[in-house]
Amino acid sequence: MLVVKKLLQYTPCDVSDALVKYGVSNGGYIPNLVKQSGPDSTVVGQAYTVLYAAKSDPRPAIKESYIDIIPQGAVLVMALAPELQLPHAPYVRVNNALYGGLMSTRASYRGAAGSVILGRIRDLDEHRELKYPVWSYGVGSTAPGPVVKVVGINVPVEIRVQLMEIDKDFETIKVNAGDYIVADKNGAVVLNQGHPKFHDILEYIPKRVAADTLVSEDIKKGKPAAESQKQRRANL
Amino acid sequence: MLVVKKLLQYTPCDVSDALVKYGVSNGGYIPNLVKQSGPDSTVVGQAYTVLYAAKSDPRPAIKESYIDIIPQGAVLVMALAPELQLPHAPYVRVNNALYGGLMSTRASYRGAAGSVILGRIRDLDEHRELKYPVWSYGVGSTAPGPVVKVVGINVPVEIRVQLMEIDKDFETIKVNAGDYIVADKNGAVVLNQGHPKFHDILEYIPKRVAADTLVSEDIKKGKPAAESQKQRRANL
Amino acid sequence: MLVVKKLLQYTPCDVSDALVKYGVSNGGYIPNLVKQSGPDSTVVGQAYTVLYAAKSDPRPAIKESYIDIIPQGAVLVMALAPELQLPHAPYVRVNNALYGGLMSTRASYRGAAGSVILGRIRDLDEHRELKYPVWSYGVGSTAPGPVVKVVGINVPVEIRVQLMEIDKDFETIKVNAGDYIVADKNGAVVLNQGHPKFHDILEYIPKRVAADTLVSEDIKKGKPAAESQKQRRANL
């Protein structure tokens, strides 16, 4: 919880700056999510993952109701099996919504921190009335039941996204149960719990934020950005 | 009009729940539309369809002005010929806007219920000032005249969307003139006028909404979602 | 500056109408941009272009800080090398943000008119607090440094977009340094400085706007749109 409390003071952009410093060139960013509801402040929590697959998938449907066991403080990270994902919009092959208002009502009751849905959601008004934070790729109106089933809870999930290499179709971002999710209107960042420099990353964040606050002040006084960035970030 | 009056009390999500019950696994959802203007409440009307094709299309341009004959209470559903549609964003091959402020001004005067444009629109401020509801895939600045022409009014229109099967490129959703369109910030649903269970669907909606209102209350009191859903929906 | 002052009275839609009149069938529209910050009014300025390429690109990185030399009144137009662009969403292969809050802080200090980023941006709150106008394809959280470098300032930039021809992958829109950019919530339009009919275009805009204002008034009084458009635009 100390980690969560620390991260709540920063933004996903701040976390990405620290991840870049420690070798993560994409800054842990999970692209293409839209903030659909919830307050303006940063949301932080450890990932509680739910994996959906096609009803025809050989794996059995999980009997438990994932939402009834979501831990307090967790961020729900819900993804489709990789073959149902697309690196281009609408980012999923499934036009049914994966998640809706009753799920946020229950998540909110159980004290979850937020829901990051790598798919469509429905019932926009309900999430907003609850002031419960939800991110999604898009919206929908139809429940998931007719086309997909839950096949995993707290399993690692893989997210297919565009990559710079022209001869490959996609890159995969992995989210493990327990990884830290930091999200706001800029989107969501995953901070791998097992990153070998985890504590260095946490310690770097406030130093970098302090330096960049000074850069911002310098620029507002007329100093060139490049000069100020060089000076203020010199010891980082 | 009785059907419209009934549906106005519900949301597209409610209609989709009923369609799923009667075998429509996508719940009639027309994906990827963005609500661009109009009040927060649900919009309902029978589809008045307009089909645009490339100027090079062998079909002649229709001489009549589609907007000058839009019926009172109708929802304009405007689509491009299928070969100009894409299952991925921006969802159309046409960067010109299909529809603009003067069209909403006329539609509003004639008492149309709203416009669902499967393409780009322009003049965002004008639709908003009119408080006339418009949905579209995206925005633009350029009139349609230089690149497309109207080739059909009140003909069936086909909408190409993503589908779950990996070996096919797209699935087609059909909207016929007279089908019911129910739309809000979650997007638009088509309720086929000729659905063999049309009246059962209409009767199911209020029962399901009543049950789910109780589920929501149960959850807010701490009852697990799965248990409450099972009980409250038992007789549906 | 007289041109800018003139264009500030109109919208991108008005400019596109004039460009169509003079043979530009796409109306100069740069599709798929989202307005992320800044006031509601139209933004106009001459393009100051910045070109990013992959770090592995054979061209050397430019040493100067592009933002420290942005001219007063300019609109920053930032693009990726064509091979890093996509004609479909997310429109770029790069998940890192190209542009962030410190850059808008400096641009704002130097009196730039706005920033049109053909890629992702980060720090949404900072641009909004500055009331500095920014457009982008999407958002991000990670700085560009680890993956791309600036390889050109005030070079022509090419933007890959969808086109109607089914057998081609994309069409290219060109923006030269000094071209006029006119942008609002409908997106951004480029008015080529070297268009052979540049002054005719500028003169056409107010006449067309005046005519269409009368059309709007006619329609509000009940006149059919087609009839009014024919009459009011007869001498244009």
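Indices start at 1 and increase along the chain as displayed.
The backbone N, Cα and C atoms fix where each Cβ goes, and this holds for glycine too.
In TrEMBL, annotation is done automatically, which means it is predicted and not curated.
Source: prediction; values computed, not measured.
Features reported for this protein in TrEMBL:
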- B:Gly100, B:Gly101, B:Leu102, B:Met103, B:Arg122, B:Asp123: substrate binding site (BINDING)
Ordered by sequence, the long-range same-chain Cβ contacts of B:Leu102 (substrate binding site) under 8 Å (at least 6 apart) are B:Asp123, B:Glu126
Row B:Arg122 (substrate binding site), column other C-beta within 10 angstroms, all chains, value 29
Around the Cβ of B:Asp123 (substrate binding site), other Cβ atoms found within 10 Å total 26
Here the 10 Å Cβ neighbour count for B:Met103 (substrate binding site) comes out at 29
For B:Gly100 (substrate binding site), the nonlocal same-chain Cβ neighbours (under 8 Å, six or more residues apart) come out as B:Ile121, B:Arg122, B:Asp123, B:Glu126, B:Ala143
Other C-beta atoms within 10 angstroms of the C-beta of B:Gly101 (substrate binding site) total 24
Among B:Gly100, B:Gly101, B:Leu102, B:Met103, B:Arg122, B:Asp123, the record's substrate-binding residues, the widest C-alpha separation in angstrom comes to 10
B:Leu102 (substrate binding site) -> DSSP, reduced to three states, gives helix
